[in-house]
There are 4 protein chains.
Amino acid sequence: MAGNSFGTLFRFTTWGESHGPAIGVVVDGCPSLLDLTEADIQPWMEKRRPGQSRYTTQRQEPDQVKILSGVFEGRTTGTPISLLIENTDQRSKDYSDIAAKFRPGHADYTYWQKYGIRDYRGGGRSSARETACRVAAGAVARKVLGSAIQVRGALVQIGPHRIDRSRWDWAEIDNNPFFCPDPVAATQWADYLDGIRKSGSSVGAVVELVASGVPVGLGDPLYDKLDSDLACAMMTINAVKGVEIGNGFAAAELTGEENADQMRMGPDGLPQFLSNQSGGILGGISTGQDIVVRFAVKPTSSILTPRQTVDTAGNDTDILTKGRHDPCVGIRAVPVGEAMMACVLADHLLRRRVERRE
Amino acid sequence: MAGNSFGTLFRFTTWGESHGPAIGVVVDGCPSLLDLTEADIQPWMEKRRPGQSRYTTQRQEPDQVKILSGVFEGRTTGTPISLLIENTDQRSKDYSDIAAKFRPGHADYTYWQKYGIRDYRGGGRSSARETACRVAAGAVARKVLGSAIQVRGALVQIGPHRIDRSRWDWAEIDNNPFFCPDPVAATQWADYLDGIRKSGSSVGAVVELVASGVPVGLGDPLYDKLDSDLACAMMTINAVKGVEIGNGFAAAELTGEENADQMRMGPDGLPQFLSNQSGGILGGISTGQDIVVRFAVKPTSSILTPRQTVDTAGNDTDILTKGRHDPCVGIRAVPVGEAMMACVLADHLLRRRVERRE
Amino acid sequence: MAGNSFGTLFRFTTWGESHGPAIGVVVDGCPSLLDLTEADIQPWMEKRRPGQSRYTTQRQEPDQVKILSGVFEGRTTGTPISLLIENTDQRSKDYSDIAAKFRPGHADYTYWQKYGIRDYRGGGRSSARETACRVAAGAVARKVLGSAIQVRGALVQIGPHRIDRSRWDWAEIDNNPFFCPDPVAATQWADYLDGIRKSGSSVGAVVELVASGVPVGLGDPLYDKLDSDLACAMMTINAVKGVEIGNGFAAAELTGEENADQMRMGPDGLPQFLSNQSGGILGGISTGQDIVVRFAVKPTSSILTPRQTVDTAGNDTDILTKGRHDPCVGIRAVPVGEAMMACVLADHLLRRRVERRE
Amino acid sequence: MAGNSFGTLFRFTTWGESHGPAIGVVVDGCPSLLDLTEADIQPWMEKRRPGQSRYTTQRQEPDQVKILSGVFEGRTTGTPISLLIENTDQRSKDYSDIAAKFRPGHADYTYWQKYGIRDYRGGGRSSARETACRVAAGAVARKVLGSAIQVRGALVQIGPHRIDRSRWDWAEIDNNPFFCPDPVAATQWADYLDGIRKSGSSVGAVVELVASGVPVGLGDPLYDKLDSDLACAMMTINAVKGVEIGNGFAAAELTGEENADQMRMGPDGLPQFLSNQSGGILGGISTGQDIVVRFAVKPTSSILTPRQTVDTAGNDTDILTKGRHDPCVGIRAVPVGEAMMACVLADHLLRRRVERRE
């Protein structure tokens with residue numbers, strides 16, 4: 001059934017296959033009177049765009065976003081914003097190899113079983129190409145958030161290699177092709193990932209997202225909690241297998257004393273927390289602190305080593321997935337995660353407007 | 001705004017506060033003609049019910065479920081099923097201590113900031129008592145799943161102590177007060193948790209859920225994926241801070257070769273996977289293998305050690321939360337997690353009916 | 001599938017059958033900090049309550065509403081408000097006659113065909129008794145609307161007899177058992193309906209609802225328009241067969257010149273309309289004028305004259321529906337229509353808060 | 001907030017303004033394996049397309065639909081179907097007259113008040129041009145319905161002139177520019193409407209829709225009834241002011257005896273109704289008979305006679321709306337109504353799949 005929309009008040013619907021004429025997203029529920037042009041969206045597209053370093057797929061897509069509706073004289077009108085991205089690099093190639101074989105780790109088998117048909121060209125709907133639409137929607141969401149709320153992401157682990165958190169510097173994010181906040185780790189990762197890439201292999205990663213400037217009170221308990229919506233959002237991203245908030249899984253090892261965020265009145269006369277074990281969310285509602293989310297991305301399933309599989313006719317066979325692939329899809333998951341987080345926050349920022357008697 | 005419903009086709013809405021006259025849940029969308037009586041629900045309530053060992057809160061609630069609608073002559077009618085649970089153990093106590101102070105780690109501060117009012121008695125709406133409603137809904141969901149689909153949960157980590165997976169035995173689950181599948185670990189945990197309990201402290205835990213017998217094809221990409229819905233479901237449970245599917249965060253450290261589930265035709269003439277790294281979900285759709293979900297529960301926030309906080313008047317103060325609390329809320333999260341998983345699966349089992357031309 | 005909820009931000013879910021232990025409604029999304037007690041709800045229940053005149057069913061139900069959640073110290077908390085109404089007048093009677101026969105004009109046949117089972121006692125879920133829950137929800141909705149917005153209803157036609165609009169006097173509504181604003185018509189209707197009642201027959205009616213004080217800007221084009229939501233709301237009420245806004249069907253006969261509401265600046269410096277042909281809605285959005293809705297109610301299907309029908313075994317048979325029935329269900333549809341209108345307006349009043357950049 | 005989607009399982013979202021680069025619709029939830037090409041959609045577009053007779057606007061739009069996604073090798077894949085229609089006849093004209101003045105009967109004033117901004121070119125989002133998207137979605141819906149279910153519409157009244165029902169002949173629908181089933185009336189209407197057109201005036205109309213072949217059991221009580229969804233659907237169409245099912249408002253004048261549809265076992269051994277007063281719906285659920293819906297369309301608001309209005313600066317002024325307009329928008333509402341009815345039925349046909357234990 002219908003499953004291509006995300007959000008409640010700030011709601012987007014994506015459409016399109018990897019090798020169709022175009023992909024796109026309709027953003028509905030964006031408030032009116034926000035400044036919005038294509039130039040506001042394009043920089044975020046660039047961040048996700050493939051082919052910018054040797055560590056991402058060499059598919060070349062300009063990913064130029066066209067605004068088809070919902071904006072008049074540079075401002076949103078409150079009507080749906082339709083954004084379209086043409087697929088320009090649809091190589092005419094021979095798909096006969098993957099047309100009838102199920103690539104391990106991909107959605108080939110499950111789509112085929114579920115729908116009885118699948119667009120096998122480049123992964124069709126399940127391609128990571130769809131995430132371009134999320135980034136476009138995220139750019140609109142950032143307009144809703146305004147300048148006071150900042151959503152940033154970083155790669156904090158690639159394969160077994162983690163950053164040193166004491167070296168975290170947001171300014172480093174743009175100085176390496178990994179969105180890595182630790183310049184020393186970034187250098188090490190370059191060597192490591194070169195090896196992975198040259199061997200035709202791939203590796204997983206962990207992304208960390210931080211939203212700052214988020215006001216207290218976002219999140220609707222009990223089933224539209226801010227953290228449950230964030231967990232859902234991250235898990236909708238291709239290849240994501242885990243998500244955690246604040247201390248996350250590490251909280252399992254802590255005692256109540258260690259995990260509690262104590263409070264004191266601040267110098268500004270407002271309550272403040274003395275720590276942020278919770279990742280900025282208590283009872284599903286934002287505390288006013290930084291929101292901290294991490295998610296794990298599995299290694300790219302497309303690798304050059306032949307793997308055992310079956311075909312649609314029921315024969316055993318082998319497959320090796322040639323073509324232009326990311327050795328670590330986790331890298332490009334950073335802007336996608338940011339975009340999804342921005343959308344969740346925009347949705348809840350609007351939802352918060354209705355919580356009390358006016 | 002409205003945030004107290006879960007699910008799309010199989011949809012439940014919970015209501016009620018910890019110390020009000022009753023709590024309850026309305027299950028809407030349950031197909032007709034399913035056998036259902038209160039006796040089908042009650043055993044699952046017993047599993048979650050507090051006061052059954054010294055490791056859970058000593059609050060005594062019979063948690064007797066009454067079916068008020070939607071069932072006629074022992075069968076569901078397709079109309080909403082209203083389930084009511086009375087609150088019988090509402091001790092008349094002095095709440096003045098917590099009425100004006102924010103308990104660290106609790107939702108007190110965020111509810112107060114969001115709504116400008118909160119029912120402070122026993123946590124009000126944010127109390128774990130609400131999870132009784134989830135378990136009741138889950139019992140109905142199991143009826144939808146039928147006997148071929150089995151949903152089971154286990155505690156696999158408590159504080160820093162993990163089970164030995166080589167000793168995993170589902171039959172052990174009911175032989176210890178922890179839902180622990182490893183009898184050796186269960187013995188060790190008893191000592192460990194006694195220490196935690198006696199010191200008035202608390203500790204976190206990790207729960208693992210396994211659904212077997214799930215057919216291929218459940219899950220609606222891209223934003224109602226089976227895994228994103230499961231992640232959302234788990235993160236709605238009180239105190240949950242992380243969730244993962246299959247290899248989860250460990251997948252970040254693997255290569256594509258290690259993480260791929262290869263396939264071969266089975267002796268039954270059907271495709272089969274040679275491993276289950278994916279946790280039974282590819283591209284958001286069930287593969288037909290076991291669905292494996294893990295989630296992390298933070299330590300109970302109510303502890304006997306005084307913590308720094310502030311009050312509603314803006315004064316610094318200290319608080320220590322007396323009363324009947326679980327030293328490890330992760331234990332009772334097992335039946336709650338099972339119930340939520342059953343509800344997600346029931347929803348997607350119904351959703352799957354509409355995916356193809358009939 | 002799930003179909004027992006109404007509204008988006010102000011959302012209610014009803015449950016319960018005519019002859020079960022109770023019926024009820026859960027109102028979710030009500031803002032916090034509104035004053036609310038059972039005494040605020042009860043007067044509206046009284047207005048709908050049966051057995052108050054000889055023109056409505058003689059079933060005697062106190063329809064006492066209990067608030068089970070969502071209110072603390074007399075104010076709403078932002079959590080779901082659960083309202084319960086016990087069924088006290090469930091006569092132990094012999095249902096064998098209607099258990100297997102389909103009453104013409106009732107939902108017996110369609111429920112049986114759809115669900116394969118039906119609670120035949122008193123109509124089960126399809127009984128007009130369910131509308132008590134709507135009235136309770138409507139009482140909460142009125143709290144959201146506040147005192148500046150007034151929702152009133154009147155019976156303007158009963159059978160072929162219409163009121164004289166020149167005699168419209170809202171003060172007369174409570175002076176007759178018909179909610180009739182025309183005292184002359186009310187007298188005539190009494191005689192007419194006595195005849196209908198004594199002959200065991202029934203008759204249809206038309207209800208008109210007027211909401212005044214509604215601000216401009218309510219309604220979300222294109223598919224959640226204020227008028228489409230109102231039309232949906234009215235058509236969900238038992239026995240309603242038509243709904244119109246403003247001029248309604250009469251607009252088909254008018255020219256553009258006749259139907260246009262011209263504008264002029266008012267003495268208060270604000271734009272004002274010179275007429276209200278539109279019924280207060282243009283393009284799906286409220287204009288700031290009175291919202292005017294009318295709906296047609298078919299004659300009560302339960303009549304004493306034997307009618308031809310079939311039974312569940314596939315035999316031709318006859319049926320006559322004895323028991324306590326309304327000779328004109330349109331009368332009690334007045335408070336139900338008011339309640340539904342209040343709920344739609346409350347929903348859109350909340351929705352309006354998110355339409356623009358703040 | 002978001003209000004541009006319609007339907008639950010079969011769900012579409014429209015976007016686009018009258019004078020933007022394009023309009024479009026995303027259909028989500030369409031089952032896989034249905035045959036679908038642009039050639040299946042185009043004939044329905046032709047039926048609604050303006051400029052085909054002197055009784056509709058002379059705007060010339062080819063309304064060529066492009067399928068951008070969701071179809072592979074001529075069959076639906078279960079993924080969202082994106083349909084795009086370019087706006088080709090966007091005359092470069094001077095909009096200064098309507099940019100600052102509110103056209104009576106249009107949504108100009110309400111959009112401006114609600115959103116604080118409006119795309120005044122050709123009505124922007126509130127233009128009837130948007131209904132082209134509905135017709136495209138309806139063409140997909142018809143594929144879901146299959147050949148056994150037929151949805152047809154007819155114009156049964158134009159201004160004060162009604163058809164003679166004894167002359168109803170569906171074959172006549174395509175023989176006149178009014179979709180009129182009565183050839184005699186069609187001739188009279190031509191003269192009448194020529195007069196209206198030449199005087200620069202406009203007139204209202206009534207459309208009747210009939211769906212045949214609809215199985216029993218469609219519709220989800222109590223708040224997603226088949227009739228409430230149909231009423232909502234029709235009322236979302238521009239200029240619609242009333243909707244009725246079966247006898248509709250006429251039912252108000254009938255007695256229970258007159259309005260009841262009696263039943264007898266048919267020669268095929270199945271229950272059959274002896275009449276269809278109900279319009280094929282009882283208790284919100286289809287009976288298996290023809291579904292009969294009527295809706296009233298107000299006269300086109302754009303007329304050549306100057307009307308009094310105000311401007312955005314708060315001055316009294318007059319306006320006359322030149323340009324290419326329909327003297328009776330009710331005519332082109334016929335294919336739009338059909339499309340909406342097809343969408344509602346497709347949605348409920350899918351919803352029906354989940355109503356019972358399988």
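Each Cβ is built from the backbone N, Cα and C atoms, and glycine gets one as well.
Listed in sequence order, D:ASP63, D:THR131, D:ALA132, D:VAL135, D:ARG332, D:PRO335, D:VAL336 are the same-chain residues six or more apart from D:ARG48 (NADP(+) binding site) with CB atoms under 8 A from its CB. D:ARG48 (NADP(+) binding site) falls within a helix when secondary structure is assigned with DSSP. Among the features that TrEMBL reports, NADP(+) binding site is placed at D:ARG48, D:ARG54.
Taken from TrEMBL, the feature FMN binding site applies to D:ARG125, D:SER126, D:SER127, D:ASN238, D:ALA239, D:GLY283, D:LYS298, D:PRO299, D:THR300, D:SER301, D:SER302, D:ARG324. For D:SER302 (FMN binding site), other Cβ atoms within 10 Å of its Cβ number 26.
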If one measures from the C-alpha of D:ALA239 (FMN binding site) to the C-alpha of D:ARG54 (NADP(+) binding site), what distance in angstrom results, rounded to a whole number?
20
For D:ALA239 (FMN binding site), what is the tally of other C-beta atoms lying within 10 angstroms of its C-beta?
22
What Cα-Cα separation, expressed in whole Å, is found between D:LYS298 (FMN binding site) and D:ARG54 (NADP(+) binding site)?
19
Just name the binding-site residues among D:ARG54, D:ARG125, D:LYS298, D:THR300 whose Cβ comes within less than 8 Å of a chain C Cβ; none is a fine answer.
D:ARG125, D:LYS298, D:THR300
Compile a sequence-ordered list of residues in the same chain as D:ARG54 (NADP(+) binding site), six or more apart from it, whose Cβ lies below 8 A from its Cβ; state 'none' when nothing qualifies.
D:PRO177, D:ASP194, D:ARG197
How many other Cβ atoms are found within 10 Å of the Cβ atom of D:ARG125 (FMN binding site), counting all protein chains shown?
29
Using Cβ atoms only, which residues of the same chain lie under 8 Å from D:THR300 (FMN binding site) while being at least 6 residues apart in sequence?
D:SER202, D:ALA239, D:HIS325, D:ASP326, D:PRO327, D:CYS328, D:VAL329
So D:SER127 (FMN binding site), by the Cβ count within 10 Å over all chains shown, scores 20
What subset of the binding-site residues D:ARG48, D:ARG54, D:ARG125, D:ALA239, D:THR300, D:SER302 has a Cβ positioned less than 8 Å from a Cβ of chain A?
D:ARG125
Conformational class of D:ARG125 (FMN binding site) under the three-state DSSP mapping
helix
